[in-house]
Amino acid sequence: MSEHIDIDHELITIRHYLHAHPERSFREFGTSIYLTDQLKAHGIEILHNPLETGVVGLIQGEAGPGPRIGLRADIDGLPIVEDSGLEFSSVNEGVMHGCGHDLHMTGLLGAAFWLAEHRDKFAGSIKILFQPSEETGQGARAMIDAGLVDDVEAIIGTHNNPNYAPGQLAIGVEPMMAGCVKFRVTLHAQGTHAGYPYKGTGPIEALASIILSLQTIVSRNVTPFHPLVLSVTEVHGGHVWNVVPAEAGFQGTVRYFHKSDGNLVGRRFKEVVEHTAEAYGISADVVWDDFQDPLVSDPGLAKAVAADVNDYAQLEPIRQSMAGEDFCEFAKVTLPVFAFVGSNGQEGCADWHSPHFVGLDESIPTFVNFYVNTALRVLNELK
């Protein structure tokens, strides 16, 4: 039987404070102090963290020995000027919790408070992991490299999702968030006077041709039943109107859910760029950084956790997201469990990374209930 936990106004106050005081990645100093103080106030042990930001707590169960698991929430904000209209909008100029990490922190704090008060309900121990710098894709790896999850047998995480309403939750065995590639292409040519283009090998025409050709890679190489996006997001070339430049370039991203698709597109990308450049008599440098895998929960644990969800929330099908999540790094070293928690659901609501993004307070109980019930279930499954 799952626990059904009601929250009090304390958590709403905490959420409003965290939302109003966002901090950039790896600069979450005030946030880390605040989280530490909250954990200490509820009798939760604080463990040494060699990183400059982030917090690690420990709750020891009193029902006997058992496994150790981790509960994780990310803590960084984004370099966005907030325009949400919330009364508790950011007071830190140019920084916003535009991805809802304030909700994640509040939910994990609420779960930690409850678990600390009900240690008799579980055997083993639970690490409380407040992770810095998710937005850069570096924070999870930093915690791993610091040895902070060496002793956890499974790790549990969440992300709010404004496409679901508060009280709704999605978890399953299929990929939830996309693998991410950052690419950058630099074309090297022979610049010349704009009145004598035949005396050079300008890169502008090649750049245009390459970008258009890249748009055929997905449709001609990847099954339409496997979502994949290739987006060119920045183009540069030349500085003045009367010079054919010697260099031009572009960068962008690829998002995918199947690693084999990402590998295939990477090979074809380099072939298209290099062969098209050669046809124009110029050379190309390609940087292909496949820096983040798709996020997939452990199938056995995900099925066990999903069986309990309807006791405290409304279980929904997964709507895959083309956004990335560095929680996938933890999956390389321990068993991952991850869920989407509904945070808005209103028609036309802004999505993540928008200055108009609004996550609703009403979503907090589902975060708390998911963290608590999933922790209890996973501890039991691992015994």
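Think of each number as a place in line: the chain as shown, counted from 1.
Glycine is treated like the rest: Cβ placed from N, Cα and C.
The candidate list H353, H356 contains one residue that TrEMBL assigns to the Mn(2+) site with C99, H101, E135, H159, namely H353.
In this structure, the binding-site residues H101, H159, H353 were compared by how many other Cβ atoms lie within 10 Å of their Cβ, and the smallest count belongs to H353.
Apart from C99, H101, E135, H159, H353, the Mn(2+) site neighbourhood in this chain, defined by C-beta within 8 angstroms of the site C-beta centre, holds D74, D76, L78, H97, G98, G100, E134, W352.
Note on the domain 'Peptidase M20 dimerisation' (179-279): DSSP counts are 42 helix, 34 strand, 25 coil. Counting only residues at least six positions away in the same chain, the Cβ atoms of G77, L78, E135, W352, H353, F357 sit under 8 Å from the Cβ of C99 (Mn(2+) binding site). The Cβ neighbour count for E135 (Mn(2+) binding site), using a 10 Å radius over every protein chain in view, is 20.
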